[in-house]
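The following features are taken from TrEMBL:
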BINDING   ARG11, GLN12, HIS13, ILE14, ARG15, ARG142, LEU143, GLY144, MET145, GLY146, GLY147, GLY148, PHE149, TYR150  ATP binding site
BINDING   LEU57, GLU62  substrate binding site
Amino acid sequence: MSHSPDVSASRQHIRQHIRQVRRALTPHQQQSSAHEAAKRFLSWSPAASAQHIGLFLSVDGELDTRPLIERLWAMNRSVYLPVLHPFSTGGLIMVRYEPDTELVVNRLRIPEPRLDVRQILPLQHLDILVTPLVAFDSTGQRLGMGGGFYDRTLQNWREHGFIPVGYAHDCQHVEALPTERWDIPLPTIVTPSKLWAW
Ligand SMILES: Nc1nc2c(c(=O)[nH]1)N(C=O)[C@@H](CNc1ccc(C(=O)N[C@@H](CCC(=O)O)C(=O)O)cc1)CN2
Ligand SMILES: Nc1ncnc2c1ncn2[C@@H]1O[C@H](COP(=O)(O)OP(=O)(O)OP(=O)(O)O)[C@@H](O)[C@H]1O
């Protein structure tokens, strides 16, 4: 439940607006942005020593993670994708993603690996969690698609010992987001043109 209908309505408005703006990027803009962002991510120092990296498969105009995933595979890093938890509402499970991993489309229409318990990585073994977002602000607050999946997954990230990093287009930046008490700000966000750090 939201503490205020205004906050909730304004979050919904920002979501719709930014989703439309990022869907309007051309395939060429998408491609060059994906390349620039992958380079920036790989030159960020925590990425140099990270072995287990959580990513996501881009949909809906999101900054394309596929070029980054290909580079990480070529560097023999282990890549994981979020799988919707089968019964814990709003939960995500990180599952290993390799070039031959079979993907299925989940109920939110996002491709994910089939849930295989042997391929699950507990969060405390993750080094970096690359986090999707719809909008971010000048203080590192993020707004997602509205499921609360990453708000839950990012709880206690310091204790788990992984570093979250937002991955988004420059046009997803807004000056200030209306926040809710469960929002977890990101310490780092990579865009094609900038590395934001707080
Ligand atoms: N690429 C990607 N994967 C991700 C996320 C994300 O933001 N991006 N998530 C981050 O949390 C989780 C999924 N979160 C989601 C939350 C809401 C909707 C949603 O409302 N989607 C549709 C309606 C669903 C339908 O088609 O039935 C919509 O576009 O309105 C989608 C994903 C896990 N995987
Ligand atoms: N830590 C949490 N524990 C329980 N419920 C939560 C938690 N975080 C968020 N929620 C619930 O999830 C719902 C969606 O939250 P919100 O709109 O902030 O999601 P979001 O940040 O846009 O999405 P996401 O994190 O999936 O990208 C809210 O109704 C909220 O009550």
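Even glycines carry a Cβ here, placed using N, Cα and C.
Structure coloured by features recorded in TrEMBL.
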{"residue": "ARG11", "record": "ATP binding site", "Cβ within 10 Å": "21"}
{"residue": "HIS13", "record": "ATP binding site", "Cβ within 10 Å": "11"}
{"residue": "ARG15", "record": "ATP binding site", "Cβ within 10 Å": "16"}
{"residue": "LEU57", "record": "substrate binding site", "Cβ within 10 Å": "18"}
{"residue": "GLU62", "record": "substrate binding site", "Cβ within 10 Å": "23"}
{"residue": "LEU143", "record": "ATP binding site", "Cβ within 10 Å": "22"}
{"residue": "MET145", "record": "ATP binding site", "Cβ within 10 Å": "17"}
{"residue": "GLY147", "record": "ATP binding site", "Cβ within 10 Å": "13"}
{"residue": "PHE149", "record": "ATP binding site", "Cβ within 10 Å": "20"}
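In this structure, MET145 (ATP binding site) belongs to neither helix nor strand by DSSP; it is coil. With a cut-off of under 6 Å between the Cβ and any atom of ligand 1, the binding-site residues HIS13, LEU143, PHE149 reduce to PHE149. Ligand 2 lies within reach of GLY147 from the binding-site residues ARG15, LEU57, GLY147, judged by a C-beta closer than 6 angstroms to any of its atoms.
The maximal spread of the ATP binding site, taken as the longest Cα to Cα distance among ARG11, GLN12, HIS13, ILE14, ARG15, ARG142, LEU143, GLY144, MET145, GLY146, GLY147, GLY148, PHE149, TYR150, is 20 Å. Between the C-alpha atoms of MET145 (ATP binding site) and GLU62 (substrate binding site), the distance comes to 11 Å.
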